[in-house]
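Colleague: The feature Zn(2+) binding site is assigned by Swiss-Prot to 111, 148, 152, 211.
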């Protein structure tokens, strides 16, 4: 069990979100005008339904809130905002945070450990994030903290805990599980050859199926050119689940020549 040392500060009154500025981040460059319009509509509903809570002196403004909402809604652009049910608050630390982790081993001994976290989500309860990693999620590099935690939430809709298999038709579960485990094995083989830091896919994906789904969801939306050719069968399953094809969107985008790693603050 993790004990969270948060102390919420009063959420400031937000002005009307500057959506045009909020959309001007690399990960959203390839969206069509129609998709941007629908994404903003979802993000507006997100901000009406959820409370973004700044912690430890983090200064929240309307632009930050808008970008957070847009990234939360990108994975559910075709699924619908109801897929984000089950939580009401998003807690934002200014940077990765230390928490007390309490766990019991196989013989019943209770251990306490202080660990650094970037984010956390539960089936019922808030999503906890940090601004440093949110800001690093604006580019198209394969890293996206918000999409990672949203993927866990979507995964948990299929049961009590994240399993790596989201809510899909029963007839597709065996194929999904097979392709996901094959991807994990492939990533682990690369790690064994080159090491974790040199792996072309975040090594965290090889730790368990739930993390593989969450990590590959990051790549699905922010680096589809790395995901699709490497795991084509799993890629098609992700396209079917999310109802989106970010690689096709990227290829058809007039912004395709824009640098995918532009830093936005």
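The backbone N, Cα and C atoms fix where each Cβ goes, glycine too.
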Colleague: So if I draw a 10 Å sphere around the Cβ of residue 211 (Zn(2+) binding site), how many other Cβ atoms end up inside it?
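Modeller: Neighbour count, Cβ to Cβ under the 10 Å cut-off: 20.
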Colleague: Would you mind pulling the DSSP three-state label for residue 211 (Zn(2+) binding site)?
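Modeller: It is helical.
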